[in-house]
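Contents: one structure, followed by commentary.
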Ligand SMILES: O=c1[nH]cnc2c1ncn2[C@@H]1O[C@H](COP(=O)(O)OP(=O)(O)O)[C@@H](O)[C@H]1O
Ligand SMILES: [Ca+2]
């Protein structure tokens, strides 16, 4: 007598084939779905036309994630050779030409197929704001010249303009908080301190209601409302402040000047024109402009700080409290990112992680070091920068402590930063994010889990069910709906 097992029945073979086919299909779908999608990148270009130089930034981001915070990163930075565009007032075509090399680099860096869809923006800051005051006609021509160069590039030209001090401050704040992914964190945001050559910006969220509309900016980002205090001090960038400080010390009849903000042994013949060529200082006669004076160092931090305090006006304030020059400012709050020249100077001086008292001691020591020792110790550093670090460091300390009212308690909340997650801190990224609407007002709806995770979970659940079915069949016997075993 032979027993015919169910495996030999046509029906069971059929069921088994379907089971296997279903499993194979599921595995195949899961593998295909989980295969990392070929990343499609988008690009954007911002030219930061600063008072001292222009830098071109190329940003990139995965196309399908453009509204997620922190997804845009810096792909490339190109430093334009020579000075800032405002220095081309007398030879405006040169301003346009100066950008050509970096635009060429952009063509190499961004895939050709993407050129047309890559927006390019140029924002000019305080150097051009000053030129606008001094010589409007030339300023307009400089902007036209840079516009022409950018329009001639294969990229999608989106505008070249002089941005306001408020924009400069606010976009710097957006950049550091976007890169730090702070907009979706409960911990709150980070203030932004930007020091340029011709202006400086302070921007932070304050609990206090902002008392002057000029200093208030409101944003709704990722579902949260932010009221931001911001102020830009034109002429208080480190290069213009040096002119302001020299103006205070120099009399037009002087042939030499002893300056505590420069090292002993430093001595350089300088034209009055170098100090008085700016709208930040009082004009002098053409005669006086052509004279020169011997700029000599005496290297004394305390005296230097006292001389720098003279360029701040701490006396008048129409609001509950002010920083300086009658500008309203609520008390500083929270942590701050201090970038651009704040970072360059404090990093050079090795003073980025010290207490306020130690920072002062460090400055005292640095300023009293003789010039020849400084030169010996830093043979590779550009002499122009090198000569000014004592002045710049002392100005930074004075601006932060006496100007913005940081104290020895909250000094540690200032982080001197150059880059966050590989991208430079500065206004340019925030500017592009804003103009391309990449920061949504409301938080995007996020699925419970990523797509890949969902497919994998579904696959495992299905396999689990199939195994259960199989075990159920073998251990508990055939379901009653199957025909009874035939005994032959
Ligand atoms: O390596 C460096 N050491 C010191 N200062 C630097 C270095 N690189 C750039 N800087 C300074 O940083 C400042 C940048 O200012 P920027 O050109 O952005 O002007 P703006 O923001 O006022 O328009 C300038 O004062 C420039 O001299
Ligand atoms: Ca700048």
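Backbone N, Cα and C atoms are what each Cβ position is placed from, and that goes for glycine too.
Between the listed ranges 431-453, 454-476, TrEMBL ties the annotation transmembrane segment to 454-476. Looking at 12-32, 33-53, the range tied to transmembrane segment in TrEMBL is 12-32. Note: the CA-CA distance between residue 197 (ATP binding site) and residue 168 (active site, proton acceptor) rounds to 14 Å. For ligand 1, the neighbouring recorded positions among 168, 197, 198, 199, 200, 201 are 197, 198, 199, by Cβ distance under 6 Å. Of all the binding-site residues given, namely 199, 200, 201, the one with the smallest number of surrounding CB atoms inside 10 A is 199. Each of the recorded positions 168, 197, 198 was scored by the number of other CB atoms within 10 A of its CB, and the lowest score belongs to 197.
DSSP assigns residue 168 (active site, proton acceptor) to a helix. Looking at residue 168 (active site, proton acceptor) and residue 201 (ATP binding site), their Cα atoms lie 7 Å from each other.
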